[in-house]
Amino acid sequence: MAKKVVVGMSGGVDSSVAAHLLKEQGYEVIGVTMQVWQEDDYYEDMESGCCSLSAVEDAKMVAYHLNIPHYVMNFKEAFKKNVIDYFIQEYMEGKTPNPCIACNKYIKFDELLKRAMDLGADYVATGHYATVEKINDRYTLRKSKDHNKDQTYALYNLTQFQLAHTLMPCGIYKKEEIREIAREIGLMVHSKRDSEEICFIPDNDHGAYIKRITKDKVKEGNFIDKEGNVLGKHKGIVYYTLGQRKGLGLSFGVPTYVIDIKPYTNEVVLGSEEDIFKTDLVAKDVNFLPFENLTSPMKVEAKIRYSSKPAEATISCLDEERIKVKFTDRQRAITKGQSVVFYKDNILIGGGIIDS
């Protein structure tokens, strides 16, 4: 009997081709589009993104073309609790969260996996650019063939159980190859642009979104320098992130950057670019893939944000919940709330949340 797999279909080219590839490999494929948007009226005008209403229609059309069943499932409550509420709270605390990482851990590879198993499926699959591998009885992830599209950074916190029940067929292809496959099999989404914005914030203005959702909780405060001198007024700490230069609304005659955010006093500290370069960080909520615990210092390549290049570093254990990361070269804007992720020979070692 063929193994059954539920493919999370966003209506984009990657998940559409993932469904096709798995069907070609002999799996019994079921397409599921996750309904996560919170306010139907607010999203009616969205033209793209995995939360848009048009994405549902695109996914349905692809499923029909591939001759596979397709369902739309409601994940609103879980998405609000684990992604949106977390996103807002982190910004209110002066941090810079990554909602895609939270969505992967709690929605796509947890809630969707549970629904998939309720349908009798053996696996859940996505269009992520990564490859699941089993090395020495442990599941881990290998970087995608297309390093420009590699998405392993956002998948470091998956559990062994989740990885054991996950398929990512796009990881062995380059993006242009995925688009070519879509063209060859007649999928209308072959030229659909990639979604780059935060899916639940269509205009990408996270500050305005948080202010609208939290109503009167976002307050104006002071910009200060390192000595505590007041430099001017800011719109609210949720509008700013470490290393930010644009959108400060002030002119000092020299390049000025956000070098710290103080949520308890509602202050944003400004300084020079030199002030945001550091070599050390501490990470919490750490998850390792090839092994359970770090038992001795380890040389790795580490990324402090999705778009950054991997940099040489040494990781060592501080206690049961935290690790220290020491980079060989100084890194720009190591930001609380973002994830630091580790690699060795293109294998994902693990990662954690930057705490200090």
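Glycine is treated like the rest: Cβ placed from N, Cα and C.
Record check, Swiss-Prot: ATP site residues include G8, M9, S10, G11, G12, V13, D14, S15, M34, and the candidate from G127, G171, G186 also listed there is G127. Cα-Cα distance from D14 (ATP binding site) to H128 (site 'Interaction with tRNA'): 7 Å (rounded to the nearest whole number). Across the structure, H128 (site 'Interaction with tRNA') and S10 (ATP binding site) are spaced 11 Å apart at their Cα atoms. Within the same chain, residues at least six positions away from G8 (ATP binding site) with a Cβ under 8 Å of its Cβ are S15, V32, T33, M34, K108, L112, V124, A125, T126, G127. There are 26 other CB atoms within 10 A of the CB of D14 (ATP binding site), with all protein chains counted.
Rounded to a whole number, the distance between the Cα atoms of Q338 (site 'Interaction with tRNA') and S10 (ATP binding site) is 25 Å.
Sequence-distant contacts of Q338 (site 'Interaction with tRNA'), defined by Cβ-Cβ distance under 8 angstroms and a gap of at least six in the same chain, are T96, P97, N98, I304, R305, I353, I354.
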